[in-house]
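Trainee: Could you have a look at this structure, given as structure tokens, before my questions?
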Amino acid sequence: MEGVDHLAHERNKSEFDVDAMKIVWAGSPHAFDVSDRISKLVASDPGFRKDNRSTLSRKELFKNTLRKAAYAWKTIVDLRLSEEEAAKLRFYVDEPAFTDLHWGMFIPAIKGQGTEEQQQKWLPLAYKMQIIGCYAQTELGHGSNVQGLETTATFDSQTDEFIIHSPTLTSSKWWPGGLGKVATHAIAYARLIVGGREHGVHGFIVQLRSLEDHSPLLGITVGDIGMKFGNGAYNTMDNGVLQFDHVLDVYSIAFASIAVMLWVSQVTCEGKYKQSDVPRQLVYGTMVYVRQTIVADASCALSRAVCIATRYSAVRRQFGSQNGGPETQVIDYKTQQSRLFPLLASAYAFRFIGEWLKWLYADVTQRLQANDFSTLPEAHACTAGLKSLTTTATADGIEECRKLCGGHGYLCSSGLPELFAVYVPACTYEGDNTVLLLQVARFLMKTVSQLGSRLSSKKPVGTIAYMTRVEHLMQCRCGVQRGFAELSADLVEAAVAHCQLIVVSKFIEKLQQEIPGKGVKQQLEVLCNIYALFLLHKHQGDFLSTGCITPKHAALANDELRSLYSQVRPNAIALVDAFNYTDHYLGSILGCYDGNVYPKLYEAAWKDPLNESVVPDGYHLYIRPLLKQEIRTARL
Ligand SMILES: CCCCCCCCCC/C=C\CCCCCCCCCC(=O)SCCNC(=O)CCNC(=O)[C@H](O)C(C)(C)COP(=O)(O)OP(=O)(O)OC[C@H]1O[C@@H](n2cnc3c(N)ncnc32)[C@H](O)[C@@H]1OP(=O)(O)O
Ligand SMILES: Cc1cc2nc3c(=O)[nH]c(=O)nc-3n(C[C@H](O)[C@H](O)[C@H](O)COP(=O)(O)OP(=O)(O)OC[C@H]3O[C@@H](n4cnc5c(N)ncnc54)[C@H](O)[C@@H]3O)c2cc1C
């Protein structure tokens, strides 16, 4: 039935103020207003239609992405949207595109690591999209091992130029988004060589394509690396390959009288390399920034999947009919709840950890500007670890939501296959999740080695303050220092546990704040308890074997979890409504707001290109000869 809200009875059950929860989710009344306005604007504009992606060929798909990006830019300019509104518009357009890298990495890299001169030259052009940039770090042979990159940037003191060169096949830049077909410029990472001496990997701003006709500049070979996982999905992005053949980085030279380098170091015109007194690790600064945004984004992707699975679980009925009455809603099965509600709790937990990490990043940035580098290692460990934790849990969570939707979850019209295909590379890009956890483990072990050391007067603070209270860490000291590589699989687990502790403690801190709205805080308390107790339940073997809990505690935790699931049940639909997603953004028939799933699924099936004719193309060539046993005459 059109116009009927099939989930109205569920919405009537809720025990809290959904509008107030929407504001908690958005972060503030202002953030809610912007998000609400812009999401509706995108949803109501046919120019941003996205329901046909899985049926387009790669070329059609890509051209359509270019059209949408241009249309989005025109909308931003015509409506004079603020930077915040423009970012929200790109978010709700919901299509991976070269613009993600331009706004998400190229501009932040110049802002975070460029000198003032560099910023003055490039940022105005980039903000107006008169140049389009990408972030070209990874190579065919090396991604994780940044120090292993092979591209060279040799300073020629005769001409005052850098010569950027790809000496081997494996030094070809490989993967950068936007590079394949669109970017006019790149921040390219290369080993700096001055006066025959190497000075490690640095970033360079390099022009790749003509601003007149888009052809590659002299010495540049550039193209797309080919189709990726899934239909549609991330194939809207032109991940690229790039080779430099002794390219002169004239643009770098042109705008700075000395040389274009990141602010961590400079090359003088006499050909001298000068390392400034800021830590060398700041070369990795853009990665810290992007990891933080990826954490903030994880809650969006997970909440989206959870919203679809929750609404559909309330619509779907299987078994349990009594006296001809309706069957049981699958959301009422305890097994469904025990799989779904921890994911709902995770979506909220990741929302708050994303908020906190944003604060931490702003704090470390401010300190860096004042030459205080003391919190950089913690910021690196937090962004790396939380990026790893949240993206792994989100990718797994999206797949679990697909299974929670049974067979219909496997249809593209459920929105879940595409969401998974788009999301899953987040476990790899911006740092492979295991490699990042090893960085956290390294940070933790460094802290352990300093604990109790007579030479170090530093007391752990911030997210590692708890370590002073864990007595047996003192005894761990010697063993771990000797055998990091040997113990790395266990250390990665310790790193995950450390990150989970941060997520739980920041969720608890959030609840200590004033949270207005009838019943809102109580709902969040229930979700926080589910998040923490589910972890305890899942890892009870570890807790029991280390004597942190007794079997009685474990049983109590399990009982409590069951009771918490029952408390969430009447509020489940309202808790996902609080995400305030439009049907356009959700892109899912199973998750549509009114729950009118079956007529929509039926209608969508008939729109598939295969159903354009009753008898399929190929019938006369392949089906009829089979049926008539004339296969020898068929043209194969
Ligand atoms: C349905 C349709 C649409 C649906 C949409 C759904 C949702 C979409 C989700 C999208 C999400 C967000 C949008 C954002 C867009 C993203 C687009 C993709 C972008 C991808 C871009 C990239 O991938 S760029 C390339 C990234 N590459 C990496 O991350 C490489 C990883 N490797 C490294 O970071 C480093 O090399 C290493 C840290 C692993 C090792 O470094 P090194 O060789 O130097 O070794 P050490 O271990 O010895 O480290 C030396 C010391 O430096 C410290 N360190 C290391 N890194 C840092 C750092 N970043 N900051 C500070 N300090 C650092 C390290 O700790 C060591 O310190 P000490 O111990 O004190 O010596
Ligand atoms: C969709 C997508 C978009 C991307 N966009 C960009 C971009 O815009 N710009 C850019 O520069 N790059 C980009 N990348 C590249 C990305 O950053 C790298 O792929 C990523 O950093 C992983 O590096 P790798 O491919 O070298 O993996 P590898 O390091 O080769 O990993 C392979 C395996 O080895 C393991 N491994 C590696 N090192 C260790 C170790 N020390 N200890 C234990 N195990 C280890 C890993 O865990 C993994 O299981 C993108 C990648 C993808 C998939």
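Glycine is treated like the rest: Cβ placed from N, Cα and C.
Below are the features listed in TrEMBL for this protein:
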ACT_SITE  E430  active site, proton acceptor
BINDING   T138, G177  FAD binding site
DOMAIN    17-132  domain 'Acyl-coenzyme A oxidase N-terminal'
DOMAIN    284-445  domain 'Acyl-CoA oxidase C-alpha1'
DOMAIN    471-628  domain 'Acyl-CoA oxidase C-terminal'
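Looking at the shown structure, what environment does each listed feature sit in?
Mentor: All protein chains considered, the CB of E430 (active site, proton acceptor) has 24 other CB atoms within 10 Å. The DSSP secondary structure for E430 (active site, proton acceptor) is coil.
In the three-state DSSP reading, G177 (FAD binding site) counts as coil.
When DSSP labels each residue, the domain 'Acyl-coenzyme A oxidase N-terminal' (17-132) comes out as 90 helix, 0 strand, 26 coil, counted as helix, strand and coil in that order.
Restricting the average to the domain 'Acyl-CoA oxidase C-terminal' (471-628) gives a pLDDT of 94.
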Trainee: Measure the Cβ-based neighbour count of G177 (FAD binding site), defined as the other Cβ atoms within 10 Å of its Cβ.
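Mentor: Within a 10 Å radius of the Cβ of G177 (FAD binding site) lie 25 other Cβ atoms.
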Trainee: Applying a 10 Å Cβ distance cut-off over all chains shown, what neighbour count does T138 (FAD binding site) have?
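Mentor: Around the Cβ of T138 (FAD binding site), 18 other Cβ atoms lie within 10 Å.
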Trainee: Give the distance between the Cα atoms of T138 (FAD binding site) and E430 (active site, proton acceptor), rounded to the nearest whole Å.
Mentor: 10
Trainee: Where E430 (active site, proton acceptor) and G177 (FAD binding site) are concerned, what is their Cα separation in Å, rounded?
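Mentor: About 12 Å separate the Cα atoms of these two residues.
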